[in-house]
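S.K.: A single structure is presented below for examination.
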Amino acid sequence: MATLGVNIDHVATIRQARRTVEPDPVAAALLAELGGADGITVHLREDRRHIQERDVRLLRQTVRTHLNLEMAATPEMVAIALDIRPDYVTLVPERREEVTTEGGLDVVSQQEPLTQVVQTLQGAGIPVSLFIDADPTQLAAAAKTTAQFIELHTGRYAEAKGEVAQQRELAILADGVQQAKALGLRVNAGHGLTYSNVGAIARLEGIEELNIGHTIISRAVLVGMVQAVRDMKALISP
């Protein structure tokens, strides 16, 4: 069964809405771990719309599970990662006008620069994951970068309307997991997963960790972070 990485970005979204000091993502991470989170994920965006560099530095000191830093493959972010040294980095595409990450990296068209970033980070002892769609050409390109992990983008599955469409997307993800494993890649997954749709993804053999954020933070507003994480853990690791 997959483990659970809790993305706490939207705790910071609430804080930044008022440009104040609360709620503190660092405190939220502690509560998530108390609830059973196996890891903490944050996305330090170039526009700093939610998570701030201060948050990542404090999380590096306080997280007791593992810290996954999502970031764009830019020189600024590489320098920050090399300085802070998260447990691993997930490279994601980023556009300033998007509300949230809209799809996977195009590794095929960015093979050379992504490979350089992967090798720089992994050469410094920081494992790298590439956030990609479950597309055979992208999977093959990801393997060529020497990244240790991929994170399969589950957004199309999450957004699929109707049972037939959802099962089709689930089959694509299942095939992607198997191809990735055959290429020697370790597999995580995430994006758009909720309490109502996570079960089928959690049952896919070969996925190591599910990274889930918005739905957990949404429930935490009502029942508290510890209980919200416990509820998700019960669904993915029954």
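The backbone N, Cα and C atoms fix where each Cβ goes, and this holds for glycine too.
So Swiss-Prot has the following annotated:
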- H43: active site, proton acceptor (ACT_SITE)
- E70: active site, proton acceptor (ACT_SITE)
- H191: active site, proton donor (ACT_SITE)
- N7, R18, G192, G213, H214: 3-amino-2-oxopropyl phosphate binding site (BINDING)
- D9, H10, R45, H50, T100: 1-deoxy-D-xylulose 5-phosphate binding site (BINDING)
- E151: site 'Transition state stabilizer' (SITE)
S.K.: Among all the protein chains here, how many other CB atoms are within 10 A of the CB of R45 (1-deoxy-D-xylulose 5-phosphate binding site)?
M.R.: 20
S.K.: Return the single residue from the binding-site residues list (G192, G213) that has the minimum number of other CB atoms within 10 Å.
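M.R.: Lowest Cβ count within 10 Å among the binding-site residues (G192, G213) is G192.
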S.K.: I want to check the contact list for D9 (1-deoxy-D-xylulose 5-phosphate binding site): same chain, sequence separation of six or more, C-beta distance under 8 angstroms. What comes out?
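M.R.: For D9 (1-deoxy-D-xylulose 5-phosphate binding site), the qualifying residues are P25, T41, V42, H43, H50, I51, G213.
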S.K.: Would you give the longest CA-CA distance, in whole angstrom, between residues of N7, R18, G192, G213, H214, the set recorded as binding 3-amino-2-oxopropyl phosphate?
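M.R.: Farthest-apart Cα atoms in N7, R18, G192, G213, H214 are separated by 25 Å.
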S.K.: Of the recorded positions H10, R45, E70, E151, H191, which sits closest to H214 (3-amino-2-oxopropyl phosphate binding site) by Cα distance?
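M.R.: Spatially nearest to H214 (3-amino-2-oxopropyl phosphate binding site) by Cα position is H10.
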S.K.: Within its own chain, what residues at least 6 apart in sequence put their Cβ under 8 Å from the Cβ of N7 (3-amino-2-oxopropyl phosphate binding site), listed in sequence order?
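M.R.: Result: T41, V42, H43, E70, G190, N211, I212, G213, H214, I216.
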